Structures are given as structure tokens and as C-alpha cells.
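Shown next, in C-alpha cells, is the structure this report addresses.
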Amino acid sequence: MAILELRDLTKRFGETVAVDRFTLSVEKGEFVSLLGPSGCGKTTTLQMIAGFETPSGGTILLNGRDLAKVPARARGLGIVFQTYALFPHMTVEENVGFGLEMRKVPADERRRRIAQTLDLVHLSHLSGRYPRQMSGGQRQRVALARALVIEPELLLLDEPLSNLDAKLREEMQLELRRIQQEAGVTTLLVTHDQSEAMALSDRIAVMQGGRLIQEASPFDAYDRPANGFVSSFLGKSNAIPGHLEGGAAGTKLRCRELTLDGPASGETPGPVLISLRPERIEFTGEAEGIVAGRVSERIFLGDKWLFKVETGLGELLVVRRNSGRREPEVGEAVHLFWQAEHLRVLSAESAE
Amino acid sequence: MIGTRPWLLSAPALVLFLVMLVTPLIMTAVLSFNSFDFYGGIKPTFGLGNYADVLSDSYFYEIFGRTFMIALVTTVIAALIGTPQAYFMLRMHPFWRSVMILVVLGPLLISVVVRTLGWAILLGNNGVINEALRRFDMIERPIKMMYTSGGIVLALVHVMVPFMILAVWAALQRQDPATEKAAESLGAGPFTVFRRIVLPQAMPGILSGSLIVFSLSASAFATPAILGGRRVKVASTTVYDEFLNTLNWPLGAAIAIILLVAVLAIMVAWNRLVEKRFAGVFQ
Ligand SMILES: Nc1ncnc2c1ncn2[C@@H]1O[C@H](COP(=O)(O)OP(=O)(O)O)[C@@H](O)[C@H]1O
Ligand SMILES: [Mg+2]
């Protein structure tokens, strides 16, 4: 059964529609991410679920119960704020215990649950510290512990890792996933960071302009993006406009003056936008090459190389794993190859 | 070069500070050690006679006691009014907030004397308040408000509340508004949020505001002079009387120095206490 159900949730601020008929359901124990660019309405959606904003329309159901008339303090949700919002005048222990105190949990049980939760986030040794005396990553853990200790039915996280530096962010991603699974808490995360959403979630809901664009597993969202926006927002992508033609022996794709093998049939012929992931393109010999091109730029990224190649299809991004072999230099003539099955057809209307 | 530049840049302020504040202060201190008699006037002797006179006379204890009691009560009332006021202003719509700021700072724009005379008109035995109460048959005889400590406190609170509001306001603006939401999401009602989350974070502002209000109230002159007159004397009006009526300048100077030292001592002790209490919590 769905723990959380959003039905046609809408929020207007005067003329602007921040959230537009947003529908989503989150199952028990699931980790779902709302992913979208800044200003697409993620925070507003979360604030409505938390009870800090009143929806202009639609319903929010928690365990089948309509939350419209339930004030924020009675919803029993665990919330981790982007700024952590720790109480600066309370120690870690007092911060974590606040929610239990409000629930009038007896002192000895309170102590036990605080200790247990601090243990979960690996902070037991800092229970007497004040927030100001801690690093960003540690504060993050306190915020998480404070939200988890009340054993919420749903954990809401608003860009929880965006205030951390890159290295710490990666560590915390793993930690967050571990903690979420150990606590077994249903989680809704809001983020603009596609790699974060992919690393953490069971399911991603991609938002744009207040609307839900695609809802899928991270793998499917990446591999079968619903439209050009999703394909360019999730990782890097080559967008190739062309004309699809059906045929007995599979489809053909006409693009500029070239004709290529198209993806497997089943797609409607007509003008289309094709998405091709840069890591699915290989350098190859002239005989096997699908298109010829010339390397115009080459960037070394440590574990991989990023190339820009001028071809008859336009400029294509190519990503190659750094396997220690010699890679083409800038200005070198190259031939590119890919399996036709990696071409993804995005309907032409969705072209930006 | 780098070493001397800050000094050069702050030289004008420094000179002004020396000439206008330090010089009279030193002269007052020197004066307080001189002696005085009614026939010979001020004698350039050096002794602690004036201090001994003040500290051995219960009359002066009463005056200092009253002075600090008035300052203390004023501070407490200003904090009780100013803190919630600053919090409400923070949560107001920006338009009403600017209106409120104008209302709050209004008293500071009017001369102390004018404002205090206004209070005199309100508080007098035949003043506006007593007249109104009499008209509605709520009292037989006028309530005495002029020439009482209560009247002085009332008028001082009126002047001091803006300082308190500004200090608390500054502290509240530093707090993360999400802390209130966090407390709410954990199950706290509005009153609990104010008492457990907002108030402790406003504390540094309340404490520094109290420091300002207390020292200004303890050394206030115009308000107690007009509303207290000769009957309800405080330290500053006593100094004034010694200088201008009795012409015993050395005694007046000694009272002034004692007031200064006492206020300074209270401020330092207060600050110490605050720093110890909040070490580690607030930077
Ligand atoms: N209180 C508000 N008043 C007016 N407009 C708002 C308010 N909050 C958010 N918005 C607008 O709603 C849109 C979505 O905002 P938000 O939910 O914060 O986006 P995100 O969290 O995805 O970056 C933005 O265009 C923003 O300007
Ligand atoms: Mg946001």
C-alpha cells in the first residue's frame, strides 16, 4: 500500500504555477527522489507535504488519510532541512531528543532511543557537542538523527547534501543510503543533482516547470528518457534530430545527408529527436565506422576521457573509459561506431 | 606603513573622543578628590573625604538604591515588551513591518524634553489620565503618578523599548527561520516554539539590549528631572543639584564617579555572566 499519495497537487503563487497537477505515490520502504532544475517546484512540493504551504488544489494522502486539515506539527513526518536547522542552543543529544520530548516519551526510554539513533548515524561520541562545534557532515548526521528518532512514517529530505563539499557529498550519499535502509524508513528526497538521485533512489520522479515529466527507476530514466529534457538533464547526451523511416528490414534514420540504421522497429515514422549516450560511442577503424569525424576537443577526467568530435551529424560527445591505451589527439581523424539499439527515439515534439 | 595607517585613519575620531570624553572625565575624577567649604569654596586638596561622606550617608544609599531599582525595573519591562514585539515584527508582512519600524523608532525622533513633558501632561494630578478616570467615576481622588518612581519608569520604558527591539531584532535576524519549522515538524505548538526555540536564540540580543537599557536608564537625567523633580531624586539629578544649587562641585563629582563605576561594574559583571552562560553556543 502506498504510504504517500499525491493527487493532482497544485500550488499557485499569484500568477506563477509552482507545482502543476503533480501526481505521485510512494510505497512503504521506498526511496524516491524528486529531481529537477532549480525553481521547478521541488521545495514547494515538499513544503506542502510537510504542512508548511497550503496546496491550491489536489490532495495529499498519508496512509490513506487526507492531510488537508492536519497541521504540520501533527503530521509526524521526519524532515531534514537544506540548512539542517539544528537548534544552536541545544547539544546534539538535546536536538535529537526534542521530538521525543514533544511526544512526552519518558526520560529513560528517551535516552535509550537517542543513544540508538546516534549510534545509527555514528555520532555517539559527540552527543554533548553544540552544533557550532561540528563539521558540516556531522551536522548533517545530527539533522538526520533528529528526524529519524521519532520513527516517522515518511522522511522528507530537501537537498540534504548540497551544503557539503564534493568529496564529503559522495561519502554521505553512501551513508544516507545505508541509514535509510537500516532504519527501513520510507524516504522522499528533493534534489537538483542527478548523480545524487541516481545513486540513492529506488525511483526517480523528474520534474520540470512544476510538472511530473517521468517516473522511473534510475536505470530506466537514464536509459529510456521520456523526452529531450530528461535525457539532457540525466547525465550527458547527444541529441540528433532526423527523420525516421520504416522498412521491412528495420528502420532507417535520415539525418542531414546521411542515412543510418535506426533503432528497432515499432517507432512511428516521421521527424524525431534521437538521443545517444556518449559512453555508448566507440572509436573504430574506417571499415566499421558509421560516421567519420575529427576530434575538436579532448578533456582528461582521470577515470575517463571526454571528446568532442565534429561529424556529419553535428558535434558529438564521446566518453571513453581511461584504459591506459593511447586515445585520439585533437585534430585527429576518427571513425565512430555504436550499436543501433542504443539510439533512443524521443518524439519530435519534445525537442527543445 | 601598514602599522600606522589604521591609527592615522581613526585619528579624527580618536582626538574627538579624547577631547570630549576623556578630558572632562579626568577633570571630574580630580575634582572629586578636592574639598569644599561654604566660605572658602573649592580647595585643591587631595583626599577621599567626599567618597567617605557619600558612602557613610544613608541618604545617598537611598538615592543610589532608587536609581538602580528604576533602571532594573525599566530594563525588565522593556525586555518583556520589546522581545515579543521584535518577534512579531519579524513575522509581519514587509509593508506592515516598515510601518511598525517607524512606530517603534518614533520616540527616538522626538526630543527627550518634549516627550517627557508629554508624559507630565498625561500623568499629572490634573492630567489627561486622571481627568479621564474621574469623568467616568472610576476614582475619587487622583492617582498620584507625577513625582513617583513609577511615573519615571513608565516614561523611561517608552524611550528604551526601541533600543531593546533593535537589539533583539538583530539577534532574531541571525537565526535560521527553518529552526522554527523544524521544531513544529517535531510536534511543538506555537507557544513551545517561541519559548524553546525563538527565545533562547534571541537571548544574546535580549542581554545586550538589557545592557544598553540599564546603563542608559541608570544615568538618565531629563526624564527623572522632569517627572521626579526634587522629591524623587536619582543619582544624576543629585549630581546636578550639588553642582548648581549647593555649588559643592567636589561632592557632585564624587557622586558622578561612583555612579559611573557602579554602572561599569554592573555591566562588566553582566557581560561576564552572559559569556560564561553561553560559551560555545553563540560565537
Ligand atoms: N513564497 C513564494 N512566493 C512566491 N513564489 C514562490 C514562493 N516560493 C516559491 N516560489 C516560486 O515557485 C517556484 C518553485 O520554487 P521552489 O519550489 O523553491 O523550486 P525548487 O525547490 O525546485 O528550486 C519558483 O519559480 C519560485 O520562484
Ligand atoms: Mg529548493
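The backbone N, Cα and C atoms fix where each Cβ goes, and this holds for glycine too.
Here's what TrEMBL has on this protein:
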TRANSMEM  B:7-31  transmembrane segment
TRANSMEM  B:63-87  transmembrane segment
DOMAIN    B:64-270  domain 'ABC transmembrane type-1'
TRANSMEM  B:99-125  transmembrane segment
TRANSMEM  B:145-172  transmembrane segment
TRANSMEM  B:205-227  transmembrane segment
TRANSMEM  B:247-270  transmembrane segment
Residues from the same chain, set at least six apart from the ends of the transmembrane segment (B:63-87), whose C-beta lies under 8 A from its own: 104, 149, 152-153, 156-157, 160-161, 163-165, 167-169, 172, 194, 198-199, 202, 205-206, 209-210, 213-215, 217-218, 224, 232-236, 238, 258-259, 262, 266
Residues of the parent chain within Cβ reach of the transmembrane segment (B:7-31), under 8 Å, 6 or more residues beyond its termini: 42, 249-250, 253, 256-257, 260
Long-range Cβ neighbours of the transmembrane segment (B:247-270) (under 8 Å; 6 or more residues past either end): 25, 28-29, 31-36, 41-42, 50-51, 53-55, 60, 64, 67-68, 207, 210-211, 214-215, 218-219, 235-236, 238-241
